[in-house]
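Presented below is the structure to which this report refers.
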């Protein structure tokens with residue numbers, strides 16, 4: 001999730017046909033039969049973030065039929081679930097839901113049973129956590145038999161839930177028409193529709209969306225059609241996906257094709273800029289990715305640019321990547337972010353982590369794949385520089401949190417009630433990347449490892465896996481390594497593959513000749529220092545402030561954080577101008593955090609009062625929490641998840657507990673990255 005996102009013959013002959021449904025138990029995963037251990041089932045899988053009893057049913061398919069009402073900011077309609085019970089004696093269906101969903105009625109049909117009319121069902125809603133509830137549905141005893149299909153229809157209306165973001169026209173880029181989008185990662189889509197809200201369950205889906213005249217609807221679907229007369233959009237996702245990857249956006253959107261399987265969508269005022277920035281690059285990146293990891297499985301690879309209120313940088317929704325329009329200011333960050341989301345087409349979307357405790361299986365592998373793509377497309381120097389920036393940030397976060405902080409482990413264990421979004425941090429991306437890079441190093445040849453990843457995707461595509469599935473497959477794919485007990489080998493040092501970036505540390509004075517990543521790394525190092533004397537800040541300001549004005553927001557926010565942290569008042573007009581211009585969470589929250597932490601809280605309050613009407617309500621609540629110290633539950637009840645993109649090295653997507661703060665984040669060696677890593681199931 002952002003960072004970012006796409007055939008030669010495989011070496012492995014292990015192939016399996018797709019199951020009848022994408023919804024399955026992780027313990028059923030097949031593996032190469034090289035050792036007696038792999039292949040033994042590990043069910044039942046437990047997902048403490050889901051209230052549902054997903055293990056008792058196979059979800060074959062679901063259909064959404066919704067009407068969008070912009071005037072009252074509601075979606076109303078129904079959901080139809082095609083379910084097959086897999087165990088006898090199960091007479092209750094438990095779905096993940098949310099207090100913001102108003103359930104009107106639930107009924108059941110059994111196709112082929114001779115029952116023509118649906119049977120009305122009783123249900124109750126129980127509190128589960130502060131991010132969801134459980135919808136308990138009593139099933140008819142006579143109808144529920146293992147292996148027999150049942151259809152459950154839930155009629156409901158959405159209200160103000162964390163997955164659905166209604167933007168008034170003034171919050172959009174064009175400021176002419178309202179817009180709505182959904183953001184499901186990681187456990188928000190239970191406020192969009194009742195579901196098995198766990199990455200362990202995948203299924204196909206269809207949707208019928210009814211809208212007012214002049215509204216265009218897009219979804220993360222492989223096929224779509226539109227009836228202008230009825231103002232109805234139809235969507236079909238023919239490949240199994242988990243609930244969090246079901247996404248919708250509706251508003252004043254137009255498109256331009258930028259490749260044979262790619263188009264760019266945006267509000268009219270943004271479209272030409274977005275097309276110019278991407279050009280034909282998407283198809284080029286897809287082609288490189290296919291050479292490395294095998295065919296792109298999703299058909300379409302479209303991109304929609306969303307207003308600054310989009311709570312993260314980018315989201316890898318299949319067939320339709322969501323990305324924040326603010327990223328258009330930086331060509332290099334745009335490139336990295338889009339390629340990362342393309343990489344998720346293989347790692348995260350096709351093969352998914354079965355629980356949120358192992359998000360690194362998606363993000364770490366996608367980050368590795370992203371860097372393989374950029375290495376092939378732009379060379380090692382480009383990739384090493386970007387990697388140096390991220391690992392440098394990881395280093396700082398490690399120093400901030402300490403080596404033994406639980407969140408620094410790849411396999412994070414969290415208690416029931418903990419929101420998985422709180423565990424999104426640089427470790428998920430960069431420590432995961434280091435471990436995958438370690439596996440690549442162990443196998444001895446990067447091309448050989450490319451072949452392994454290609455066959456790993458072919459083996460597990462459209463399935464959900466745990467870390468042990470990856471490790472078992474790796475050791476059985478390379479029996480020589482298994483026989484050499486490589487799994488017990490001491491962690492290797494990986495920063496030597498970055499030695500060629502020592503140019504970053506040479507003294508340079510003409511920053512105008514530097515790339516974005518070089519300037520970012522320079523400013524990150526400055527942010528690491530203790531308070532700078534006033535004369536040093538004055539010198540930096542006179543030399544570079546005007547230059548930074550012409551650069552992108554990733555550079556500007558770092559300079560302004562330096563200004564605020566050192567209480568350099570001559571630069572305050574630039575802080576004000578930046579916060580008046582940028583209303584994205586990833587740029588506003590870090591600066592407000594720094595303003596409040598220092599001696600400039602009155603400035604922060606003044607700017608907030610001047611700009612709050614242009615802020616999305618969720619962001620407004622977050623900033624009120626920062627400024628006025630309201631409780632987290634009170635101020636951020638419906639706040640979005642942490643950045644799906646690795647947070648920018650000096651930014652934090654939302655306020656977090658002190659131990660989780662990423663405003664000054666961190667990089668490290670792979671040896672540290674592997675410390676205390678538990679990759680068992």
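Placed from the backbone N, Cα and C atoms, the Cβ positions cover glycine too.
Range with TrEMBL annotation region 'Disordered', chosen from 601-633, 634-666, is 634-666.
Residue 429 (active site, proton donor) has 363 as its nearest neighbour among the recorded positions 340, 341, 344, 363, going by CA to CA distance. Distance from the CA of residue 341 (active site, proton acceptor) to the CA of residue 363 (Zn(2+) binding site) is 10 Å. In the predicted model, the domain 'Peptidase M1 leukotriene A4 hydrolase/aminopeptidase C-terminal' (480-627) has a mean pLDDT of 83.
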